[in-house]
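Colleague: Next up is a structure, given as C-alpha cells.
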Amino acid sequence: MKMASSSSALSFPLSNIPTCSKKSQQFQKPASLSKSSHTHKPSLKTQILHHKFTKRNLLSLTTALGFTSALGTVLAHPAKAEPEAPIEATSNRMSYSRFLQHLKENEVKKVDLIENGTVAIVEISNPVVGKIQRVRVNLPGLPVDLVREMKEKNVDFAAHPMNVNWGAFLLNFLGNLGFPLILLVSLLLTSSSRRNPAGPNLPFGLGRSKAKFQMEPNTGITFEDVAGVDEAKQDFEEIVEFLKTPEKFSALGAKIPKGVLLTGPPGTGKTLLAKAIAGEAGVPFFSLSGSEFIEMFVGVGASRARDLFNKAKANSPCIVFIDEIDAVGRMRGTGIGGGNDEREQTLNQILTEMDGFAGNTGVIVIAATNRPEILDSALLRPGRFDRQVSVGLPDIRGREEILKVHSRSKKLDKDVSLSVIAMRTPGFSGADLANLMNEAAILAGRRGKDKITLTEIDDSIDRIVAGMEGTKMIDGKSKAIVAYHEVGHAICATLTEGHDPVQKVTLVPRGQARGLTWFLPGEDPTLVSKQQLFARIVGGLGGRAAEDVIFGEPEITTGAAGDLQQVTEIARQMVTMFGMSEIGPWALTDPAVKQNDVVLRMLARNSMSEKLAEDIDSCVKKIIGDAYEVAKKHVRNNREAIDKLVDVLLEKETLTGDEFRAILSEYTDQPLNTDGDVRIRINDLISV
C-alpha cells in the first residue's frame, strides 16, 4: 500500500469541513437592505444564532478531524517499516537455543538483524533437510559474545536500521488523540453559557435545580385529608384564597405572605399540609428537599438556588416548597474552623432570592423543619418567612379526627370507638396514628379476621410504644421477681397522691422490657406540678423498693436500671430547670447545653461554681432518697395486697387497670388514683 493512498484518505474528509468563507456567505445581508440597516447592531437573537453556528462549525471540524485520524490509522503504513525481503521471506520461527546450536555446528550462513537487534532473520544450511532454511529468531538483545562468535564462524550478518514513516506516525498519533479531543470539545461546547458561565449550565447539569415542577399539581391530597392541625390548616386555606381571589385582599391594601415556615415534631403533618396546598391552590408548584442544593462541587448550591427562583419567577404566581430546610438554613458561623462555606454561600443566595434587592413578587416559599432553633435569624425575619406556623401534637379531638381520616378505607368492628382510642393515645402524632391503624389492619389479617377489633388496636398500641412481643417467660424465680417489680410500680403509683391511674400491668415482654406497667396519661404534659413530679419518682422507684423489701437487698436486680435513669433525670430537672428545691427558683442550666447541635453544646459556657454543683447533687440525692423511703413504706404496709396481685398476675399475665384497683381496694381504705385529671404521656411508661 503506497503513501498516496494515505494522502488521499487525509484530504477526502477535509473537503467537507465548513470554512469561514462559507460561513460568511451564509450570513451575508441582502443587497436590498437599506444602508441604515447596516449601521444597527445585530439583535440578541442574531448574536445567539451566530454563537450557535460558530459552535456547530467547531464541532463539525473536530468530528471531521477525528474521522480523518481514524481513517488514516486504518489505511496508512505502520509507523515502523523494516526491510521487506527478510521478513516476507520467512514465516518459520526458531528458539534462541536451537539457533546457538546451529551456530556452533557451522550451519548458520547469514543473519539479518532487525528491530534494533532484537529479531534476527537467519539462513541455516540444514543437512537433514538438504536445503537452506530461512527462520525468525527472537534475540535477548544483542550480546557481545554472539557477535564475536558469528565473526569467528565467518557468518555474514548485517544490521538493518529502522525506517520511520512520518506520515503514518502522524496519522497514528492523531488517531489516538481524535476521540478524546472530540469528547473534550463537545463537553466544553455543551457546558458553556454565553450569558452566565457559572449559572445553570454547569457541566453535566450540576447547576440546574432538582426541584420537581408541576404546572397543575395532582397530589391526590386536599384539605379534607388534613385533620388535627386546625390552626395551620386555616393559615394555608387563607393563602389558597389569596391566590384564587387576590383582588379581595388587594382592595384593602393587603399583600400576600412571601413565606410560611412550618415547625413542629416529626410526623405531625407538615409535609402533608404542603401536599394539600399543592392540590388546592391551582398554581404551579415546585418541591425539593433542603439537602438537594449541596453537592460535592463548589458553587453548585448557589447556582441551583438561582435556577430554582428564576424558574419560579417565570411561572409566578407559584409555590416553592422546601422540605427539611434546616439542611441548608442552619445558623451561619457555627461550624468548626469557620463553618461550611458552601452551605453558607447557598443560604446567602436563598436569602437574596427570597427578599433581596430585586424581590420575588408572586413566589410563595413554604418550608418545613423540626429543628427551628438552629435556623439562621436572617431566614426567619418578616419579609422572608412572614408566618411561622407551629404544627404540634394533636389533642384528643384532633386525634379523633385523624383516626377518622385513616380509618375510612378500613373495616372496623362495631365495638371499636375512635374516641376511646384517641383517649388512650395521647402523645401520638398523625404519623403514629396512621401507623397504628395500619398495624391493626395487618394484625387482624394475620389472625384471619374480616374486621379490626379493639384487641388488635390495643396490641398495636403496645407494639408501637414498647416494641414487638417477645417470648413469654417460663415460671420460676425470674418471673416472680418481675411480677413483684411491676406490682411494686403499680402499688406505689396508685397510693401516691398526684400520680396517674394504672392502665395495665403485664408480664408479656416487649422490646427490651421483660414486664410493663402502663399509666393513663393526661392531656397537657406541659403543666406538671411539683407534687406530680415527686409522685412519678415514687412510682418509678416502686419496682426497686418491692425487690428490696420482699427479697432483701442482696437480691435486688438490674431490672431497675431504666427506672433509676428516669427518676434521676426528673429530680435533676426539678432542681436545675423548674426551681423546685431548697436552692430556690433558679434556672441553673445553660440553654445552649440543651441544643441538639454538637458545636453549640461545645461552645456553651458553664457558669456554675463547684459549690453550687455540690448543692445541686445534694438536692437531687435528697429528693430521690425521700421518694425511695415513701415507696418502701407503701410496699411494707400493703404486703398482703401485693402478694395477692402477684398471684393473679402470674396466672393471667396481664391485669387491666380496673382489675388491679378492684383487688387493691379489698386490702386498703386509702383513696386510689382512679380519675385521669392529671396524667402524663403514654411514652412515660415504667418498665423493667
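Note that Cβ sites are derived from N, Cα and C of the backbone, with glycine treated the same way.
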Colleague: Determine which of Asp386, Asp395, Asp563 appears in Swiss-Prot for the same Zn(2+) site as His485, His489.
Modeller: Asp563
Colleague: Highest Cβ count within 10 Å among the binding-site residues Gly264, Pro265, Gly267, Gly269: which residue is it?
Modeller: Gly269
Colleague: Count the other Cβ atoms sitting within 10 Å of the Cβ of Lys270 (ATP binding site), across every protein chain shown.
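Modeller: Cβ-Cβ neighbours of Lys270 (ATP binding site) within 10 Å number 25.
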Colleague: List the Cα distance (Å, whole number) between Gly264 (ATP binding site) and Glu486 (active site).
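Modeller: Here the two Cα atoms lie 35 Å apart.
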Colleague: C-alpha of Glu486 (active site) to C-alpha of Gly269 (ATP binding site): distance in Å?
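Modeller: Their Cα atoms are separated by 36 Å.
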Colleague: Compute the mean position of the Cβ atoms of Gly264, Pro265, Pro266, Gly267, Thr268, Gly269, Lys270, Thr271, which form the recorded ATP site, and then list in sequence order the other residues of that chain whose Cβ is within 8 Å of it.
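Modeller: Same chain, not in Gly264, Pro265, Pro266, Gly267, Thr268, Gly269, Lys270, Thr271, Cβ within 8 Å: Leu262, Ala368, Asn370, Val391, Ser429, Gly430, Ala431.
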Colleague: For Pro266 (ATP binding site), just give me the three-state DSSP call.
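Modeller: DSSP call for Pro266 (ATP binding site): coil, neither helix nor strand.
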